[in-house]
Amino acid sequence: PTQICVTQCPDRYQTYLGASASPPQLQYYRQFCVPDFKPSQKAPIEVLRDKECPAVLIPSTPLARRCFPAIRAKEGVITVGNETTYDDGRGQRRNVTELLEGAKKANVVLEMRQLAMKIFEDYTVSWYWIIIGLVIAMVTSLIFIVLLRFLAGIMVWVMIVLVILVLGYGIFHCYMEYAKLKGEAGSDVSLKDLGFQTDLRVYLHLRQTWLAFMIILSIVEVVIILLLIFLRKRILIAIALIKEASRAVGHVMTSLLFPLCTFFLLCLCIAYWASTAVFLSTSNEAIYKVFNETACQFAGQSCDPETFTASNVTKLCPDAQCLFAFYGGETAYHKYLIALQFFNLFMFFWLANFVIALGQVTLAGAFASYYWAFKKPDDMPAFPLFSAFGRALRYHTGSLAFGSLILAVVQVIRVTLEYLDHRLKAADNKFAKFLLGCLKCCFWCLEKFIKFLNRNAYIMIAVYGTNFCASARNAFFLLMRNIIRVAVLDKVTDFLFFLGKLLIVGSVGILAFFFFTHRIKLVQDTAPPLNYYWVPILTVIVGSYLIAHGFFSVYGMCVDTLFLCFCEDLERNDGSPERPYYMSPELSEILLKGNLEPSK
């Protein structure tokens with residue numbers, strides 16, 4: 001339909017057929033017609049056919065730069081402009097309730113638009129506080145990593161205790177809010193009865209919300225305590241590995257800044273993919289087709305609205321119209337536009353995985369040079385990180401591209417399955433849904449396995465310089481021969497690093513919660529007024545997790561590299577003077593005793 005901009009919305013019922021018979025009414029009606037409309041040149045039927053004027057005007061009110069019917073309920077009766085019926089411009093009377101359906105759909109859009117505007121307003125007044133929160137998270141992560149370098153054992157146990165205390169405080173706070181709402185009007189309404197609300201603050205006035213938070217935090221607290229009880233002996237071994245990783249990171253301090261390089265390259269990949277996707281999406285053209293009510297030989301053919309009135313089509317088919325059909329094109333380029341978008345997505349996955357692989361093999365090469373240095377750190381290269389980065393670009397680009405390609409193919413298949421699942425939601429074929437669910441689960445597991453295998457393959461590439469297939473095979477069989485150590489050491493250290501991330505995110509998140517909810521008296525007047533205080537809090541929490549993950553990912557790669565080198569060291573050497581171990585004495589003291597002592 002034709003859309004025009006007007007100075008004001010209609011304030012009366014009026015039809016074009018009725019207005020055309022009265023010059024004063026027609027003068028009012030003209031402001032709702034297309035620009036340069038001249039009523040004296042055409043009959044009213046031709047004006048309506050060419051859609052130069054609306055067939056009927058309805059009393060409307062302006063809302064979000066749109067004119068919506070002024071619907072009101074008076075004593076249970078729906079009216080528009082104090083009328084219950086209106087003329088549709090074709091001589092028929094219709095009930096105003098038929099306008100409600102369109103108004104309801106528009107109301108949902110307007111509510112979402114209003115929500116988005118309020119969120120945007122919150123960001124505009126709190127963006128600098130969000131940046132300060134992220135800087136605090138970065139400084140906290142850096143201090144934690146530095147302290148881990150010198151006080152690994154103490155920091156791990158302090159971290160465990162603080163995580164338990166933070167979760168305990170969260171449970172206590174949820175209980176206090178739950179108890180405070182007891183007896184208040186409306187607090188016992190269930191989440192199911194309330195339904196979805198755009199103002200999310202409403203949920204914080206329900207007891208059930210705080211009860212759900214308290215149950216979730218309690219489950220997490222109990223699970224962590226049980227894991228700590230059953231893994232208390234293994235944690236001592238993991239601490240020894242973390243201490244060794246701290247020494248390695250201490251000799252390669254530039255590795256802590258290397259995630260910034262990976263982040264920058266990933267931003268370039270995202271920018272390239274987004275710009276290409278936008279270019280492809282906006283390269284369509286507006287296609288106009290010939291539409292008519294009677295038989296016409298030109299029906300369905302493309303047309304140009306600017307020259308259509310002067311063409312032979314209007315002479316041979318008087319009732320034909322040149323109307324907008326769709327955005328697209330009829331060239332070979334436009335026909336394969338979907339395929340180009342699909343290829344652009346595939347290239348994004350490939351490039352992103354390549355950048356991540358480059359970062360992993362660089363860190364692995366730097367930390368492997370530490371482990372295989374017999375006299376640490378005298379036998380290490382002067383710049384281990386830059387040396388590893390240069391080797392990766394010069395010798396291992398093909399291996400990294402091949403490993404990234406395999407992972408990208410699996411990820412594209414997963415995206416395709418998600419797309420098919422979205423398209424089949426309206427279908428009632430339960431077998432197809434079940435099959436898609438199984439395929440999605442299988443490819444999710446396959447992606448996780450390939451990521452795990454690629455990570456260890458890149459470590460073997462950094463150590464030996466072999467190709468991807470040989471490195472993946474050697475890493476897989478090496479891990480299978482030491483499967484007990486993998487389960488005991490590698491996963492326990494991952495669990496401890498997860499607790500470290502949880503501690504940093506929880507601490508910064510609690511600080512952000514007290515600040516943005518004006519609960520810190522010293523800076524109570526400094527916090528900005530917000531529509532939804534959860535907007536900056538969630539942003540700070542997510543950003544803090546990404547920052548903490550960036551720092552701890554260096555430690556994680558260091559632990560994985562040292563662990564794989566340790567397993568290789570056990571198989572190549574036996575600790576004799578002729579074939580001494582390359583591991584440090586502190587590491588061998590913990591890892592080569594008890595059940596972990598290798599058979600000779």
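Even glycines carry a Cβ here, placed using N, Cα and C.
The transmembrane segment annotation in TrEMBL covers 127-147 (among others). Counting residues 6+ beyond its ends, the transmembrane segment (127-147) has Cβ neighbours under 8 Å at 155, 159, 249, 256, 500, 503-505, 507-508, 511-512, 515-516, 527-528, 536, 539-540, 543-544, 547-548, 550-552, 555 in the same chain.
Within the chain carrying the transmembrane segment (154-172), a Cβ under 8 angstroms from the stretch's Cβ atoms is held by residues 144, 147-148, 213-214, 217-218, 220-221, 224-225, 228, 235, 239, 242, 496, 499-500, 502-503, 506-507, 510, all 6 or more beyond its ends. Residues or ranges marked as transmembrane segment by TrEMBL: 154-172 (among others).
Here the transmembrane segment (210-231) has Cβ contacts under 8 Å with residues 160, 163-164, 167-168, 170-171, 174-175, 177-178, 181, 191, 204, 492, 495, 499 of the same chain, all six or more residues outside its ends. Here TrEMBL flags 210-231 (among others) as transmembrane segment.
What TrEMBL records for 252-274 (among others) is transmembrane segment.
If you look up TrEMBL, you'll see 347-372 (among others) marked as transmembrane segment. Cβ atoms under 8 Å from those of the transmembrane segment (347-372) belong to residues 245, 247-248, 251-252, 255, 258-259, 261-262, 265-266, 269-270, 272-273, 380-381, 384-385, 387-389, 391-393, 396, 400-401, 403-405, 407-408, 411-412, 454-455, 458-459, 461-463, 554, 557-558, 560-562, 565-566, 569, 582-583 of the same chain, restricted to positions at least 6 beyond its ends.
Among the features that TrEMBL reports, transmembrane segment is placed at 393-413 (among others). Residues 342, 345-346, 349-351, 353-354, 356-358, 361, 443, 446-447, 450-451, 454, 457-458, 461-462, 465, 467-468, 471-472 of the same chain, all 6+ positions outside the transmembrane segment (393-413), place their C-beta atoms under 8 angstroms from a C-beta of that stretch.
Annotated transmembrane segment per TrEMBL: 457-480 (among others), in sequence order.
Sequence annotations record features per position, and here TrEMBL assigns transmembrane segment to 492-516 (among others).
TrEMBL lists 532-552 (among others) with the feature transmembrane segment.
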Report task. Could you pull out which residues elsewhere in the chain have a CB under 8 Å from any CB of the transmembrane segment (252-274), counting only those six or more residues past its ends? Result -> 142, 145, 344-345, 347-348, 351-352, 355-356, 358-359, 362-363, 366-367, 370, 383-386, 550-551, 553-554, 558
